[in-house]
C-alpha cells in the first residue's frame, strides 16, 4: 500500500532512530536542566525571518502610501484639468457665439451698405445725366443767344446807318390824324 519511495524513507528513518534506552527515556526521571534545546538555531532563523518580513511589510506599506498619495495627486490634477478644460470650452463656446453674432451683424451691415451704395450710385448716375443734359441745353441756349445778340447788333447797325435813316418818312404814309378828346 505504501509507495516504494515512501517505504525507503520510512525504513531509513527507523534504522536511524535510537531505542528508548539509548535516548535516555528509561523509566527513571531525567535530571533537571538536562534537556538541551536543539531548536535555538531555528528560533533565531524564525526571528530573523520575522524581522525581515516586518521590514518588508513596513517598506511595502510605505510604498503603498506613496503610491496612494501619488494617485490622489494625479486624480486631483486630472480633476482640475477636466474642470479647467470645461471652463475653457464654455468660454470658447461663448466667444464663438459672440463672434458668430458679430459676423451676422457685419454681413447685415454689409448688405445694407452695398444696397445704400448701389442706390446712391444710381442716383449719382441719374444726377450726372441730368446735369449733362442741362449743361448741353445751357450751351445750346448760350450759342443761340450769342447768335441772336449778333443778329440784333447787326440790325441796329443797319438801322443806324445813313442808308436807312429817313427812309421811314419817305416810304411810310404819315399817320397824322387828329383826335379829339372830350373832357367832362
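Every residue gets a Cβ built from N, Cα and C, even glycine.
A quick note: this is a predicted structure, and the numbers were derived from the prediction, not measured.
Record features, source TrEMBL:
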{"type": "COMPBIAS", "residues": "54-74", "note": "compositional bias 'Basic and acidic residues'"}
{"type": "COMPBIAS", "residues": "85-120", "note": "compositional bias 'Basic and acidic residues'"}
{"type": "REGION", "residues": "54-122", "note": "region 'Disordered'"}
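The helix, strand and coil residue counts that DSSP assigns across the compositional bias 'Basic and acidic residues' (54-74) are 21 helix, 0 strand, 0 coil.
Across the range of the compositional bias 'Basic and acidic residues' (85-120), the DSSP-based residue counts are 36 helix, 0 strand, 0 coil.
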